[in-house]
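S.K.: Annotations for this protein, taken from TrEMBL, read as follows:
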- 155-289: domain 'BioF2-like acetyltransferase' (DOMAIN)
């Protein structure tokens, strides 16, 4: 049967119909949800487009996209910004190609410079990884937190218990108090790393859009938030796009308690996989995630090429050590916290990573 391709603006897209399709397919993850587009458009005013394929008036493919127009830079069409992956979800490869072709047509029609597609689980997987290569770290969950805990090595279990013995406590929920606790830790950590921070309104928009499919965890010491993270849920998957701790309290192991409580929470609520997020193969965060049982999965970021009909890989930035970047990071670290937290969102909204 013939396939019809339709392009929707977010305000006019048949959200329930598209999300229903995304929920039933095994390809879509939490970021593919229309909720991700809603949060970005509400918080940052970036316009979204959804390309959908139909067969017999039934959805058979979806490609969510966001238009990023940085000042003085070329505008781009991205699937998807601010996360590890997006890309087309479709019944078969031919429909997937139709969606990508429609994205290139949309780019031309909208006067944009490029189309960037970020794909997880690309067709060709590999067991051979290069040092520094960007991968997702994914853990298969056994069905309950009790069963999961027994799979941990003794050293990992002792580190979790150490955090509790150090007087740390962790709360998981959706309350505004938890979100604000998360944001205070997140802002401090981002300034320490020398990176502009997302706005609080972005996280509030995510919570509004995702509802019970988003949870916040905050680790505190005598009422002071010292670690925090956010998890998004969808299609029996859980992913943790943001997690932070206060460096001066890291000796108390807040990150161990944080990740365990989140793993415990999602395991007991039906999640079958936990996505620890993007890491550079072999480096510090990679080793941290690997100790929990996370296994590397391929990521492929590429730019569609109109001229050749092929596409060009995008080198996912690693821990760039260039002199210029060092200067930028050092300068940002020196900013007063209030200034960094005010200025950060104005810059971060245009950084698609």
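Glycine is no exception: its Cβ is also placed from the backbone N, Cα and C atoms.
Owing to the predicted nature of the structure, the values given are computational and were not obtained by experimental measurement.
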S.K.: Looking only at the domain 'BioF2-like acetyltransferase' (155-289), what are its DSSP counts of helix, strand and coil residues?
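M.R.: Tallying H, G and I as helix, E and B as strand, the rest coil: 69 helix, 42 strand, 24 coil.
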S.K.: If you average pLDDT over the domain 'BioF2-like acetyltransferase' (155-289), what do you get?
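M.R.: Mean pLDDT across the domain 'BioF2-like acetyltransferase' (155-289) comes out at 97.
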